[in-house]
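Colleague: These came from Swiss-Prot, pasted as-is:
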BINDING   HIS111, HIS115, ASP308  Fe cation binding site
BINDING   LEU134, VAL135, SER136, GLY137, GLY138, ASP167, GLY180, ASP184, ASN280  substrate binding site
Amino acid sequence: MTTVLGIETSCDETAVAIVNNRRICSSVVASQIDLHKRYGGVVPEEASRQHLLTINPCIEQALQTAKLTWNDIDGIAATVAPGLIGALMVGETAAKTLAMIHHKPFLGIHHLEGHIYATYLSEPDWKPPFLCLLVSGGHTSLIHVKDCGVYEQLGTTRDDAAGEAFDKVARLLNLGYPGGPIIDQLATQGNPKRFNLPEGKVSLPQGGYHPYDSSFSGLKTAVLRLVEKLKQEKTEPLPIADLAASFQETVARSLTKKTITCALDHHISHIAVGGGVAANSGLRNHLQEAAKKRNLTVHFPPLKLCTDNAAMIACAACDHLKKGHISSWNLGVQSRLPITEVMTLY
């Protein structure tokens with residue numbers, strides 16, 4: 001049995017958790033949403049300062065909630081890539097310091113691998129190989145999960161990530177931050193078929209379109225032009241709910257098509273979804289319905305495990321530690337690192 005304390009500070013949540021194999025002993029998340037809401041997005045310097053203020057109380061709370069001492073901890077992990085450099089450094093420095101003081105191995109964890117491992121926390125018997133649709137504010141990827149640390153990226157976004165597109169459209173409609181949950185809520189009150197918006201397609205040099213890659217910048221521009229047109233017409237109040245529903249419908253439909261096509265082309269029968277956009281009701285409904293028609297299994301983590309948390313980081317670290325993967329004390333943080341290069345962290 002392996003018990004790991006994990007730390008996640010890659011963006012705007014300070015999170016600490018203790019996981020025993022695939023069982024959560026404690027999970028603490030201090031969100032900074034209210035702090036960044038006034039700016040309409042995450043301010044890196046503010047995020048780093050807030051992490052510094054909250055990291056130690058979060059660590060203490062995680063230990064107290066789990067009713068464990070440092071003697072019960074087998075390893076200490078932190079997200080080291082990708083993310084905001086200053087924010088990552090807070091978690092990495094805290095983890096390394098604790099590991100040195102308490103003579104524990106240190107493990108640097110890839111943030112996207114953490115989102116993949118969120119599936120294991122709610123489905124402990126889930127095993128590779130499977131396809132993971134990872135959709136968040138910074139990433140939109142289709143990843144073939146072959147084993148711990150062994151990943152093949154089959155699809156990605158060529159511009160905006162799905163979550164980023166939600167935030168930008170929400171800002172365009174003056175809905176506030178973060179945009180994803182607000183648009184999702186409004187979409188339930190709107191008509192998703194009122195506006196015909198374009199699905200982003202990525203052209204190939206030899207002709208045709210990439211079957212798995214996404215593009216959301218064109219969709220975002222289409223919403224902008226539609227809003228400008230509706231404002232000029234002034235025939236009625238701006239139909240915010242219908243716009244939100246039509247936008248969400250287009251994103252969910254596009255991601256579902258690419259995910260199902262990718263799974264079938266690669267003969268993968270199990271699909272997991274991770275990242276903040278995995279909480280979106282439109283995506284959940286579309287993907288579950290499409291998977292059922294094709295006799296594919298699809299799993300969405302509980303909502304609390306879709307957004308950034310440290311339990312997923314600790315869970316990934318448990319598997320790496322059991323395989324003897326330990327990071328060097330000289331390991332630094334990186335703003336970018338492909339998921340295929342996870343093993344360079346050990």
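Please read every residue number as a count from 1 along the shown chain.
Positions of Cβ are set from backbone N, Cα and C atoms, glycine also.
Can you walk me through where each of these features ends up in the structure?
Modeller: Sequence-distant neighbours of ASP308 (Fe cation binding site) (same chain, 6+ apart, CB under 8 A from its CB) are GLU8, SER10, CYS11, ASP12, GLU13, ALA15, VAL29, HIS111, GLY276.
There are 24 other Cβ atoms within 10 Å of the Cβ belonging to SER136 (substrate binding site). According to its DSSP assignment, SER136 (substrate binding site) is coil.
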Colleague: Quick one: Cα separation, LEU134 (substrate binding site) versus HIS115 (Fe cation binding site), in Å?
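Modeller: Here the two Cα atoms are 7 Å apart.
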Colleague: What's the CA-CA gap between ASN280 (substrate binding site) and HIS115 (Fe cation binding site) in angstrom, rounded?
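Modeller: HIS115 (Fe cation binding site) has its Cα 15 Å from the Cα of ASN280 (substrate binding site).
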Colleague: Using the recorded Fe cation site (HIS111, HIS115, ASP308) as reference, state which further residues of the same chain have their Cβ within 8 Å of the centre of those residues' Cβ atoms, listed in sequence order.
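Modeller: Nearby residues not in the site list: GLU8, SER10, THR79, LEU112, GLY114, SER136, GLY274, GLY275, ASN309, MET312, ILE313.
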Colleague: Fewest other Cβ atoms within 10 Å: which of the binding-site residues HIS111, HIS115 wins that one? Let me know.
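Modeller: Per-residue Cβ counts within 10 Å for the binding-site residues HIS111, HIS115 bottom out at HIS111.
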Colleague: Most Cβ neighbours within 10 Å: which of the binding-site residues GLY138, GLY180 is it?
Modeller: GLY180
